[in-house]
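Database features (TrEMBL):
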type: ACT_SITE; residues: H12; note: active site, proton acceptor
type: BINDING; residues: D5, E78, E80, D112; note: Ca(2+) binding site
type: BINDING; residues: Y7, R21, Q119, Y123, T229; note: substrate binding site
type: BINDING; residues: D112, K132, T136; note: Mg(2+) binding site
type: DOMAIN; residues: 4-269; note: domain 'Fumarylacetoacetase-like C-terminal'
Amino acid sequence: GDYTDFYSSRQHATNIGIMFRGKENALMPNWLHLPVGYHGRASSVVVSGTPIRRPVGQISPSNDKPPVFSACKRLDMELEMAFFIGPGNKHGEPIPISRAHEHIFGMVLMNDWSARDIQKWEYVPLGPFLSKSFGTTISPWVVTMEALMPFMLPNPVQDPKPLPYLRDEEPYTFDIQLFVALKGEGMSKPTTICTSNFKHMYWTMKQQLAHHSINGCNLQPGDLLASGTISGPDPESFGSLLELSWNGTKEIDLGSGQSRKFLQDGDEVILTG
């Protein structure tokens, strides 16, 4: 199937905006009106345990110097969840939000590996390319929506109210506690660096699906739609190293005399939920 990645955590989008545009322009004008997303590369979605090779690409060392070809020096992880499409829709026939739940089969954990320095140079104007397509890891088991129903919660009120095609009469999310641990070479055990929750997402899976198909795009059985980085309101709930290290300005303590700003060769990242 195909793969689409969204950007649906308000806290994550705000954090990134503050870092690169300032507090006054943290959210882009469209963010509160639609679930922002982009088309990812399905061929490099791999199952948990598959080694990820450090990517190479163009990096801009500074604004006044030309780019260089280099191995990524700011390799990051992103805590995400994703869902698989069940039946899907025919080309030209959007899925109304009232029936979106019928097309969501189940969920997996996802690590959307990201090369931040490659991304910084390449992403304008069409978004990430080589900085994301080198690898995306998902958990080996799909948890069905029926199994998640006991953990259903009302979704937070959205302000401004979405346009009618995104307006859900039964807005809900799920209380899924999530953890990220990191184990460096030589460490006897992993250290938890993030504790977050899926309930922090602003845009719901049903809204993502309805928006994806509103132009007539046909979603097919097995297509994978990802949440985007799941960050909560507290620093310990930030779902990426970019946020946890605040763009590399802070060290993340791993104990055993080790710390990180971004991933080093040999690091193991463990996502649990």
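Every residue gets a Cβ built from N, Cα and C, even glycine.
Because TrEMBL annotations are produced automatically, they should be read as predictions rather than curated entries.
Projection of TrEMBL feature records onto the structure.
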residue : record                       : contacts (Cβ under 8 Å, 6+ apart)
D5      : Ca(2+) binding site          : G37, Y38, G40, E80, D112, K132, T136, A226, G228
Y7      : substrate binding site       : A13, W31, P35, V36, G37, Y38, G228, T229
H12     : active site, proton acceptor : G228, T229, I230, S231, F238, G239, S240, E243
R21     : substrate binding site       : none
E78     : Ca(2+) binding site          : M110, N111, D112, W113, S114, G228, T229, G239, S240
Q119    : substrate binding site       : P128, S131, K132
Check: Got a sec? Which of these binding-site residues, E80, D112, has the most Cβ atoms within 10 Å?
Finding: E80
Item checked: Count of other CB atoms lying within 10 Å of the CB belonging to K132 (Mg(2+) binding site) -> 24
Checklist line | Proximal but sequence-remote residues of the same chain as Y123 (substrate binding site) (Cβ under 8 Å, at least 6 apart) | finding: F129, S131
Checklist line | Cβ atoms near T229 (substrate binding site) (within 10 Å, other residues, all chains) | finding: 30
Checklist line | Rounded mean pLDDT for the residues that make up the domain 'Fumarylacetoacetase-like C-terminal' (4-269) | finding: 98
Note to self: Give me the sequence-ordered set of same-chain residues, not including D5, E78, E80, D112, with a C-beta within 8 angstroms of the centroid of the Ca(2+) site's C-beta atoms.
What the structure shows: L79, A82, M110, N111, S114, T136, A226, S227, G228, T229
Next item on the list: Look up Y7 (substrate binding site) in the DSSP assignment and reduce it to helix, strand or coil.
Entry: coil
